[in-house]
Amino acid sequence: MGPPPVVTGISPKEGPPGTRVTIRGEFLGTTATDLIGLKICGCECLLSAEWKSRNKIVARSGPCKGRGDIIVTTKSGGEGTSTVQFRGYHESIGPVKESAVWVEEAAPPSLPWGRRPMSPTAYTPPDPLGLSTEGEDSKFPEEELNELFPDGSGKLSDENFQPGWYLLEHHSNTSFEDLKAGMVFLQRKVEGQKEGQLSFLKANTGAVMDQLDRLVLLKNMYEDDQRKNGKEPLPSLQSAIEESITLADSLFSEILTRKENADKTREALSLLTRHKFLFQLPASIDKNIRKKEYDLVVNDYARVKNLFGSTDVKLFQKILTEIDRKIEDLKENLHNRMKTMPINVQEQTKYIRLLISLNWEGDAAWVAITTRKDYLMALMSRRRKESEEGPWSAVRSAWCEAACGALASELHALWPLARRYFAGELAGEPGDPQRHTALKEMIIAAVEVFSDQMRSCLLSSGPSAGSAVAADVLRTRLLANLRSLRDAYDSLLKLDLPSQPLSIVEKVVFDYRVFGMTVFLQRAHKRVKALSETDTWKIKEFSDYGAITELPHLLESYLTDALSSIYKCVLSSGRRESALLVDGGEPLVVLRTHTQQILLAYVAVLQEIALQHDDQDFNSSSLSVALDQPLEESRGAQQKLLVAAADALYTRRVTLNNIAEKFTSFDFPSPTAALQATRDALSNLEASIAETYLEHKGDPLVGTIEPSMYMGRHTIHPDAIVDDARPYVYEIINNLIAVHAEVDSICGSSCSRYVRDISETVCEEVARLWSGARPVGRAAVFRARLETTLLRLACRDHLTRKAETYLAETLASIPTLETEEEKKRMERIIGDFKKRMELQLASLNCNIESV
């Protein structure tokens with residue numbers, strides 16, 4: 001249970017029954033239903049109680065008399081206590097009895113004179129019969145009363161009061177005995193009032209007599225005055241008054257004039273004081289404008305227009321005209337400031353609001369938007385002119401950054417300003433909806449100008465793409481420009497612009513990425529084409545494929561550098577950017593096309609350095625090369641030809657595979673078609689080199705066979721004993737050994753191809769010679785078969801199928817040996833040949849590899 005109620009104050013502190021009492025205290029109940037009891041001086045007053053709050057209750061006092069406590073009872077706190085008391089009393093009200101009426105707290109304050117009359121509705125006279133009136137439920141219908149008493153009334157104070165109306169209205173259910181008792185009470189009350197009036201006169205006889213004497217004296221004075229001045233004293237009184245006025249004017253005219261002047265001065269000073277704000281406003285406007293406190297100017301101008309806008313006073317109108325002129329100058333100043341660029345959007349918004357507050361003619365917000373658009377266009381044009389006047393490398397990169405920054409910063413100001421304009425946040429009402437299209441066209445126009453300038457500056461074939469700048473410098477420039485473009489694109493994405501201008505900028509970023517990839521590939525292409533101008537013939541490595549120069553490694557290095565730069569700079573996609581290398585996309589086609597051009601350019605370099613020579617260059621007799629030493633011109637073109645063949649073979653079998661792995665390691669699609677085309681080109685180049693080498697090396701060798709074969713003893717006696725081959729056979733073998741040694745020193749294990757080709761040519765020439773000069777006689781037959789067999793034995797590891805066919809057909813055309821003695825002698829000679837030529841045969845048939 002909560003704390004008990006405590007009454008600490010009442011208003012008023014006394015009164016007759018029915019007095020409206022305001023009770024104040026603590027814990028007087030939590031709600032109206034929590035109040036269950038209220039006693040004033042012991043009388044229950046709960047029915048008339050109005051619960052206002054926990055600290056206030058309003059009720060009407062009951063028929064109590066004397067002093068007593070105010071006891072409040074609540075459900076939550078029980079029966080309470082009181083620290084104040086209320087005094088109740090009974091009094092009758094008559095025509096000579098003053099009545100004190102308590103003024104309600106909510107009533108308006110009384111006038112400073114007289115007593116406030118009681119409202120007819122605030123006081124209900126007691127029942128004249130001394131009986132309690134009936135409630136609303138048993139009241140007689142008012143319509144029937146009007147029918148019974150058409151001209152009567154039930155109110156005691158009305159002139160047409162009808163007792164029957166009153167009795168039917170208030171006592172229709174009262175018993176006859178009670179009415180008789182009420183009649184006795186009424187008679188007794190009337191008698192008591194009569195006795196009270198007589199007692200009053202007896203107690204105040206002296207005062208009444210004194211008042212009568214005063215009335216008699218007034219009557220006598222009036223009669224004396226009438227006899228003295230006549231019955232009409234007004235003309236004489238008027239004459240006296242006019243005479244007094246004339247005398248007063250003559251006596252006080254100067255004083256009155258000074259007083260009039262003083263009054264005028266006082267009135268003027270009062271006017272200046274009352275309207276000090278108006279008279280000082282022009283100077284205040286100038287002062288606030290100099291201090292740039294434009295808000296104060298706007299507030300003062302709105303205030304003066306509200307107070308004096310419709311005045312008819314000429315002086316006020318003159319001052320207002322001056323104020324209007326200053327405000328017009330301020331509008332022009334604010335308009336110029338709003339259009340002066342550069343300016344931040346907060347300042348511009350401030351000027352817009354000020355112009356709107358000053359009722360500037362025109363759409364200030366839209367003027368600000370168009371001004372920013374024009375400034376952006378002019379700024380980019382100025383930046384472009386500056387870039388054209390300076391060097392390509394530094395100024396244009398700086399222009400790219402400046403142009404991207406200008407686009408991002410100005411659109412960051414223009415677009416939010418436009419959105420606030422159309423949302424009605426600047427002018428208090430939304431902007432013209434028809435200007436939505438114009439705004440969109442502004443944004444698109446600015447972005448298209450930016451796109452065109454970026455393309456003309458960054459995507460053109462300028463020094464950045466064509467000059468042989470360092471890779472790090474080239475990557476730094478491209479990364480810086482791409483970063484500037486992406487920063488601008490990200491800034492536009494944050495603004496939530498329409499998709500069309502965003503797609504324009506994204507296309508510029510994408511095209512610049514493609515351009516960057518192309519630049520790196522073109523740079524690699526130029527570097528590969530320039531390989532023919534380097535120290536080409538310096539041997540760097542002896543591999544399984546022969547003596548290799550640095551050309552294959554340079555090719556791999558140049559392509560790897562290009563792929564690495566593409567991977568680091570342009571491959572990765574930024575926010576909401578398209579992937580660069582997708583199947584069917586143009587960039588992938590560009591990558592594959594340039595890759596094939598680079599590889600084929602390398603093949604062209606090899607072909608150029610291998611096949612462009614003079615015939616006399618093939619006369620060199622040097623057969624070896626050393627590591628890290630260049631091939632001198634004296635070494636002959638045949639060695640250069642073989643080195644180029646070794647480079648081509650190494651490139652086809654090793655370098656191209658390494659390049660394919662580089663593509664995979666950088667997540668690039670493998671250039672299968674380019675690699676295959678390069679392999680085919682290298683195979684054709686190797687064939688061309690072999691054919692050229694055979695032409696310049698094999699033909700002279702074959703040309704010596706016929707003279708050597710017929711030199712000296714061409715004919716032989718049929719019965720002569722042949723014990724060895726003629727010298728031309730050994731010459732052929734020595735020449736093949738020399739070729740093998742030369743090719744092996746450069747091509748290594750892949751040298752067999754060239755020896756086979758020359759061996760095939762030799763076998764073809766020998767077969768041709770034997771077919772044209774058939775041996776006659778047993779000795780000639782034996783010699784022909786011996787020489788053919790020894791040649792076949794010496795070249796056994798280098799014989800192609802065609803060469804084998806040539807020798808087989810030659811042996812088939814020569815008659816066979818008929819006697820055992822010839823066969824044994826043939827075997828002995830061949831055995832001696834193997835022993836005697838063991839070293840030569842071993843050197844000729846080593847390092848055999850199928851190419």
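Each Cβ is built from the backbone N, Cα and C atoms, and glycine gets one as well.
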For the feature coiled coil as recorded in TrEMBL, pick the matching range from 173-200, 313-340, 369-396, 817-844.
313-340
Across the coiled coil (313-340), what does the pLDDT come to on average, as a whole number?
87
Let me spell it out: take the coiled coil (313-340), skip the flanking residues so only those 6+ beyond its ends count, and list any with a Cβ under 8 Å from a Cβ in it.
275, 278-279, 281-282, 285-286, 289, 294, 297, 301, 304, 347-348, 351-352, 354-355, 358, 360, 364, 367-368, 371
Helix, strand, coil: count each for the residues of the domain 'IPT/TIG' (5-86), based on DSSP.
0 helix, 47 strand, 35 coil
